[in-house]
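Annotation comment: TrEMBL describes 56-248 as domain 'G-protein coupled receptors family 1 profile'. What TrEMBL records for 45-66, 78-99, 111-133, 153-178, 198-221, 249-271, 303-324 is transmembrane segment.
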């Protein structure tokens, strides 16, 4: 309906324009239609691929958990993140498949708002939860099982979902205006509602990135300190091995930082163009500024569509990184050192405590520590 009104407006304004201006508007309108067709073509493909990848990862994780090949506590958080990615893929694919040339622009803007709210908060909270789990497993190894119980982890997962949903729901008025611009004055005026919400979303994106990066750096520094202490006291260097494995998780964070940084830049452009769009849209019936209207709409559509596709690419590469960093997720891999741990098996750890050539600060008595096999899983 908006598209039909715009066409009628351009026809009415034709009497006040030169032939060059009319031709310029027609070329810009054709470019907007071409951009819309590209979005309608490409947008369903990427979320379908990301859905298949995420579903494969979820099946592999559940299979590995049933086979007791991976730590259940850490991967309970990753399962939650994967379910959120599946939900996002389904939502993006459904929205793009049901959209048409008239609603494509508003569809990608609504999806972009969804990614900036629910998507960013869900992904950030999942990464922070995994980082906190690693910090507890290193600083409190013998109390890890009781501190990070399944019940507490379930509460953490539930909290991340509730937080993400409530934050996204707070942007419902703005989503309503995106879908139906005629309700702007009654539901969410630009200066008192839309603009503050966009600025808040941008600020939370920055805080989320800063929190994740700093948390990861603090935990890595703490692990390096403990690993150095173990080496100086001639203890088994378990923390160094865990730190090397934690570096693989850094691949997820590097991808997160890249994608969220691009979304942050896109949000800044969206804010700038939203202000211009608001001004032009208010005065378009008076000054017939159709060309600027089409220009702004094209920029908004391109930025939002690119962000949606980037989010789907992030989901795909997150799955790839998960399989590369944890080979035990591959069900056909059968290695002796990757066999499932028996919950009833007790591992005896002996420290060679006799005289050793070149050994510094060696203990002088033989001590045998009986450790449960699950103590080494996290």
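Yeah, the Cβs are placed from backbone N, Cα and C, and that goes for glycine too.
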Long-range Cβ neighbours of the transmembrane segment (198-221) (under 8 Å; 6 or more residues past either end): 113, 116-117, 120-121, 124, 127-128, 131-132, 134-135, 138, 167, 171, 174, 243, 246-247, 250, 253, 256-257, 260-261, 263-264, 267-268, 270-271, 274
Stretch among 45-66, 78-99, 153-178, 249-271 sharing the most Cβ pairs under 8 Å with the transmembrane segment (111-133): 153-178
Stretch with greatest number of CB pairs under 8 Å, the transmembrane segment (45-66) reference, 78-99, 153-178, 249-271 candidates: 78-99
For the transmembrane segment (78-99), distant same-chain residues with Cβ under 8 A (at least six beyond the ends): 39-40, 43-44, 46-48, 50-51, 54-55, 57-58, 61-62, 107, 110-111, 114-115, 118-119, 122-123, 126, 130, 157, 160-161, 164, 308, 311-312, 315, 318, 322
Tertiary contacts of the transmembrane segment (249-271) (same chain, 6+ residues out, Cβ under 8 Å): 112, 115-116, 120, 123-124, 127, 130, 134, 195, 198-199, 201-202, 205-206, 208-209, 212-213, 216, 299-300, 303-304, 306-307, 310-311, 313-314, 317-318, 321-322, 324-325
